[in-house]
Amino acid sequence: MAMEGYWRFLALLGSALLVGFLSVIFTLVWVLHYREGLGWDGSALEFNWHPVLMVTGFVFIQGIAIIVYRLSWTWKCSKLLMKSIHAGLNAVAAILAVISVVAVFENHNVNNIANMYSLHSWVGLIAVICYLLQLLAGFSVFLLPWAPLSLRAFLMPIHVYSGIVIFGTVIATALMGVTEKLIFSLRDPAYSTFPPEGVFFVNTLGLLILVFGALIFWIVTRPQWKRPKEPDSTILHPSGGTEQGARGSMPAYSGNNMDKSDSELNNEVAARKRNLALDEAGQRSTM
């Protein structure tokens, strides 16, 4: 199936990938060149893992996971495969986010620095917890086969909306964290004196993160770029059979079945429409 505005989609996708990749590179250069590198010894070098893993996992990889269903060349792949890729990318992002949080707590504890006192830490921890819950719920309901279509239909809009909200919260938290780190780290020269690290480099990193988030938001909210419903879906009916079978072999009304009441016909049509709606929701259980 051809995608409407395909070249515009490719341009935005390419821009998002470029900006996201630059965000990761800028973060690495920041900690390796300006902040003395990486380590795992409780020092500031361990803390430096926090921005690296957060930008790489919680920002960049999560952004890709959000739009993976909108890649038109994947529409021929099975929905189960795409769900697995979506869940796998989110799982990688979650693991990196958890490791980055551990690095912060270990650094603070070793150096007797208070934990969880800033707005950045509050919002960031809430985002991580909500993300883990979102990942668990999505895996349980949309990837495993046990959940009925009615449950998927009910949870699908919540899953989509909460995913977008969490991603937006992560972008805002990253911007707060970058600013907070600069204020705490830049003493001589101070941040307010326009040092190259802060004004010309890390501020640019913040803008890259913001632009990446905006591009992901735009791509994921365009209805014309949404993965189409699979045409060969099979819908079970209360009376047995499938929607495909019902469409392909409608009963030939003769003298034996012409006496079916209008109410029975209406009930059958209503049940069929209800199952179609549930199937539509179940097939589009992701963004």
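Note that Cβ sites are derived from N, Cα and C of the backbone, with glycine treated the same way.
Sequence-distant contacts of TYR117 (heme b 1 binding site), defined by Cβ-Cβ distance under 8 angstroms and a gap of at least six in the same chain, do not exist. Here Swiss-Prot flags HIS50, ASN115, MET116, TYR117, SER118, HIS120, GLU180 as heme b 1 binding site, drawing on similarity to another entry.
The heme b 2 binding site annotation in Swiss-Prot covers ARG70, LYS79, HIS86, HIS159, LYS226. Packing around HIS159 (heme b 2 binding site) is summarised by its Cβ count: 18 other Cβ atoms lie within 10 angstroms of its Cβ, all protein chains included.
Secondary structure at LYS83 (L-ascorbate binding site), as computed by DSSP, is helix. What Swiss-Prot lists as L-ascorbate binding site is LYS79, LYS83, ARG152, and the listing cites similarity to another entry.
Sequence-distant neighbours of HIS108 (Fe(3+) binding site) (same chain, six or more apart, CB under 8 Å from its CB) are ALA114, ASN115, listed in sequence order. The Fe(3+) binding site annotation in Swiss-Prot covers HIS108.
Residues or ranges marked as domain 'Cytochrome b561' by Swiss-Prot: 15-221.
Marked as phosphothreonine by Swiss-Prot: THR286.
Positions annotated as region 'Disordered' by Swiss-Prot: 228-266.
What Swiss-Prot lists as transmembrane segment is 8-32 (among others). Long-range Cβ contacts of the transmembrane segment (8-32) within its own chain (Cβ-Cβ under 8 Å, at least 6 residues beyond either end) map to 38, 48, 51-52, 55-56, 59-60, 63-64, 67, 70-72, 197, 201-202, 204-205, 208-209, 211-212, 215-216, 218-219, 222, 225.
Proximity of distant same-chain residues to the transmembrane segment (48-69), defined by a Cβ-Cβ separation under 8 Å and at least 6 residues beyond the stretch ends, is recorded for 13, 16-17, 20-21, 23-24, 27-28, 30-31, 35-40, 82, 85-86, 89-90, 92-97, 99-101, 103-104, 127-128, 131, 163-164, 167, 170-171, 174, 177-178, 181, 205, 209, 212-213, 216, 219-220, 226-227, 286-287. As annotated by Swiss-Prot, transmembrane segment applies to 48-69 (among others).
Residues or ranges marked as transmembrane segment in Swiss-Prot (evidence: similarity to another entry): 79-105 (among others).
Feature annotation from Swiss-Prot assigns transmembrane segment to 119-144 (among others); the stated evidence is similarity to another entry. Long-range contacts of the transmembrane segment (119-144) within the same chain: residues 58, 62, 80, 83-84, 87, 90-91, 93-94, 97-98, 101, 151-152, 155-156, 159, 162-163, 166, 169-170, 172-173, 176-177, 180, 285-286, each at least 6 residues beyond the stretch ends and with a Cβ under 8 Å from a Cβ of the stretch.
The annotation transmembrane segment is assigned in Swiss-Prot to 152-179 (among others) on the grounds of similarity to another entry.
Positions annotated as transmembrane segment by Swiss-Prot, on the basis of similarity to another entry: 198-223 (among others).
For the transmembrane segment (152-179), same-chain residues at least 6 beyond its ends with a Cβ under 8 Å from one of its own Cβ atoms are 50-51, 54-55, 58-59, 62-63, 66, 119-120, 123-124, 126-127, 130-131, 134, 137-138, 141-142, 202, 205-206, 209-210, 212-213, 216-217, 220-221, 277-278, 281-282, 284-287. Residues HIS50, ASN115, MET116, TYR117, SER118, HIS120, GLU180 make up the record's heme b 1 site, and a Cβ search at 8 Å around their centroid adds VAL104, SER121, TRP122, GLY124 from the same chain. Looking only at the domain 'Cytochrome b561' (15-221), the predicted model's pLDDT averages out at 96. The two recorded residues, MET116 (heme b 1 binding site) and ARG70 (heme b 2 binding site), show a Cα separation of 37 Å.
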